[in-house]
Every structure is written in C-alpha cells, then in structure tokens.
Amino acid sequence: MWETFHNPEFTQETAMLKNTGPHQCDQCGKSFTDWDNYRTHLLVHAGEKPHQCEQCQKSFSYLCHYKRHLRVHTGEKPYRCDQCGSSFSLLSSFKDHQRVHTGEKPYQCDHCEKGFSRLSNYKTHLRVHTGEKPHRCEQCGKSFRFLSDYKRHLRVHTGEKLYPCEQCGKSFSCASHYKRHLLVHTGEKPHQCDHCEKQFTESSDYNRHMRTHTGEKPYQCEQCGKRYTHLSSYNQHLRCHTGEKPYWCSRCKRLFAWPKSLKVHRCVNGDEESFD
C-alpha cells in the first residue's frame, strides 16, 4: 500500500482520497480524519522508519518521536514545574512529576490496593504479585523482579564497588551497605529499644535484642524441639547432634564444639591467649 504514495499514477487518486475521510487502517482498524496522519500511521505496519538520528543512528516512524528523541542529545528540557523548578524533556514525565505535588495516584493495584502516580511504577509493582522476574543474570542464572536489583547483583560478578568510604577507604557495592557502614564512624545509633532504651546501629541487632523482652525464640531444632532466641546459639546447639567440633587447641590439637569449652581448656592449661 505504501508504494502507491510514491507512484505518480496514483497522484489523482490520492488527491481524491484526501477529501473522502475518515481513513481506516486495514491492518488494525484505527481511523483517522486527517490523511497525513493516516499515511504516517501506515509506516508502523510497514516497518519503515524514515527519521534517523545522525548522532546515534536510531530511527523513528514518526517525526514527533524523532524530535522528542533529539532532546536526549541536546539536553533540552522544555517542561518546567512551577512549584519546585524541576525540568523535564518529555511531557509524560512532566505530568507524572506533577502528581508528586498533587498526591494523585491514578494507578491502583487490584491485589493490595496500593496506589501509584506513575504507570511504569505500577507495572513494576505487579511483579510482586505475579512472581515475574524478567531480569536474568547470564552468568549465574539468577532472576530479579526489578532492574535496580539486577544491576546491583551484577557487581557480585564484576567486583565493582561504587561507594568508597572517605574516612577508612573501605568500599561497598551497595548504597545501603555503604550508608550503614557510615554509622560506624558517626557513632549514630538510630534504633532504640522502648523497654530499656538501649541503642543499636544495625536494625538486625535491634530486632535480635527485642527478643530479650518478648521472649520470642524463632529458631527451633528439628531433632529435639529445643528453641533459641539467637541464630548463633541455634547453630552451636546443632553440634550436639552433628558432632561437629570446629574449635581446636593449637598446642594439643584437641577439638571442641564450642568456643567456651576451648577457652576453659586453655585456662586450665595456663594458656589464656585469644583464639580464632
């Protein structure tokens, strides 16, 4: 069909068709009142992309999409928020941003009723319910729901550590681990116990401490049913059943299941040096 637009034999017929509207696409049924819009639409089905970017060679079917793409290279951001001054290259991004100020969340999850201001965030959230994990690591086969988690995982294989600590030089692959590490230097302990006012740097330490007050013992031995508050205590208990003895005396080579037993042994033998 597209060949007729360039064929002189169809010039008169084309002129007549322009005035007959509406024009309906035979392939998808979409209708157009404007002939030029109809003709441009046919490019989508023909796979033709006449508008090519000279900087990156990317091609587009629509001129408007091509012009919008150019802003990636020029840095132009014509849509400016009057409330906070943020600028955007795309009208859709600008409209999404405005909902930050209005609080509007038009996209609501049918499963948990959580609302979203952006359609992209809503679609990504749905994976929590569907279990879809579209981002797969080619090196180890592990899959991820979110692109951010996938990119962070890749650093496990590359060894890349983007977040260096300026105070001690230690580097981290995850921003969350880096921020948590900074608390070591600042001395900040944001997690405070309401019962005894003891403070903790790590949320995991805080949660573990809370079991002292609640009496919760989440770790249960499957062999004897005994329960423990802490994972470390549970792991030590398992050695009663497995017979594992990972601690040994460097002098007499005797093995022990628990560090406390090794410490007592060294004291009895007059050796109170520290051990690994």
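Indices start at 1 and increase along the chain as displayed.
Even glycines carry a Cβ here, placed using N, Cα and C.
Here TrEMBL flags 23-50, 51-78, 79-106, 107-134, 135-162, 163-190, 191-218, 219-246, 247-274 as domain 'C2H2-type'.
Away from its own ends, the domain 'C2H2-type' (219-246) comes close to residues 208, 211-212, 255-258 of its chain (Cβ-Cβ under 8 Å, at least six residues beyond either end). Mean model confidence of the domain 'C2H2-type' (247-274) amounts to 83 (pLDDT, 0 to 100 scale).
Outside the domain 'C2H2-type' (107-134) by six or more residues, the chain places 96, 99-100, 143-146 with a CB less than 8 A from a CB of the stretch. Under 8 Å from some Cβ of the domain 'C2H2-type' (135-162) lie the Cβ atoms of residues 124, 127-128, 171-175, all in the same chain and six or more residues away from its ends. Long-range contacts of the domain 'C2H2-type' (51-78) within the same chain: residues 40, 43-44, 87-90, each at least 6 residues beyond the stretch ends and with a Cβ under 8 Å from a Cβ of the stretch.
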